[in-house]
Amino acid sequence: MITLKGAAVSAKIREEVTEALHEFPGAAPKLAIVRVGERPDDMAYERGALKKMENFGLQAESFSFPGDISDEAFQAEFKKINDNPDIDGILLLRPLPEQINERDIEHMISSEKDLDGISPENIARVFAGENEGFAPCTAEAVIEVLKANDISLSGKRVAVIGRSMVVGRPLSMLLLKENATVTICHTRTRELEKTCKDAEILIAAAGKAKMIDSSYVGADAVVIDVGINVDQDGNLCGDVDFESLNSIASMATPVPGGVGAVTTAVLAKHLVTAAKKRRGSRK
Ligand code: NAD
């Protein structure tokens with residue numbers, strides 16, 4: 001079984017970003033990371049994103065707010081960031097605390113700065129199969145992993161486990177755009193094992209530690225693990241029991257070191273695209 005490492009895919013995206021940076025002789029594109037509260041997974045993602053932006057030669061600034069900030073105060077702060085002409089793109093760490101109306105923020109964020117595809121405009125574009133706009137970075141990262149490893153999608157049977165708006169649903173639409181035959185599985189799916197085993201490409205985004213073992217995987221299938229979970233021993237792990245696939249799958253992504261490493265690279269790519277569009281239109 002071949003291990004599909006995210007670092008190699010991220011390096012390819014970095015080359016594209018570096019090339020595109022020649023078009024920015026002045027200030028490099030700037031990302032704003034917006035965080036409310038101090039959830040450890042948000043903070044880990046933020047650290048990773050900041051490091052990646054620096055590594056790719058891009059600017060990034062964190063805007064953090066107390067976990068008990070009121071809806072009104074957060075909306076006012078978010079508006080300032082959204083309106084700030086020095087900021088080319090925004091990553092909002094979610095979920096937000098209960099008192100904040102996430103829907104209002106999704107409608108407020110400028111679709112041109114919405115690098116993680118949360119605005120209604122960008123969601124509609126993904127579901128319509130358009131080339132414009134931004135898809136959620138993780139969903140697009142899966143496509144990048146497949147393309148970078150020359151895994152064709154046209155006509156393939158692909159099973160996606162998960163139907164969230166962050167991963168499963170938009171990813172299914174991106175796969176469909178590549179002419180894959182997509183089956184979307186979820187908690188109510190009957191005979192999950194059978195559906196998964198029939199897939200030529202299996203993508204797990206359920207958020208359940210090591211739920212997928214070899215009994216879900218068909219011979220020579222490609223397995224992409226989007227899950228980021230913590231196992232009983234406190235170690236980071238995916239939705240897939242990677243070791244168990246050895247004699248059955250042809251290729252699989254590890255966790256850590258797989259899709260997660262590509263997600264922030266896609267974020268960087270989106271930032272450059274957003275900056276090009278915004279700065280170009282200001283000339
Ligand atoms: P979510 O909880 O919003 O959605 C999970 C989906 O999986 C649901 O649609 C549910 O129906 C389905 N599901 C859950 N258990 C199932 C089961 N036993 N059988 C069949 N379907 C099942 O989660 P999410 O936000 O979509 O994230 C999914 C996973 O991806 C999590 O582990 C998360 O940490 C990870 N994630 C990774 C990245 C990354 O950069 N790699 C980014 C976002 C999320």
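Note: Cβ is positioned from N, Cα and C throughout, glycine not excepted.
Among the features that TrEMBL reports, domain 'Tetrahydrofolate dehydrogenase/cyclohydrolase catalytic' is placed at 4-116. Taken from TrEMBL, the feature domain 'Tetrahydrofolate dehydrogenase/cyclohydrolase NAD(P)-binding' covers 136-278. Positions annotated as NADP(+) binding site by TrEMBL: G162, R163, S164, I228.
DSSP states for the domain 'Tetrahydrofolate dehydrogenase/cyclohydrolase NAD(P)-binding' (136-278), grouped as helix (H, G, I), strand (E, B) and coil, give 56 helix, 26 strand, 61 coil. Counting neighbouring Cβ atoms within 10 Å of each of the binding-site residues (G162, S164, I228), the lowest count belongs to S164.
Cβ neighbour count for R163 (NADP(+) binding site): 18 (other Cβ atoms within 10 Å of its Cβ, all protein chains included). Look at the domain 'Tetrahydrofolate dehydrogenase/cyclohydrolase catalytic' (4-116): DSSP puts its residues at 54 helix, 19 strand, 40 coil.
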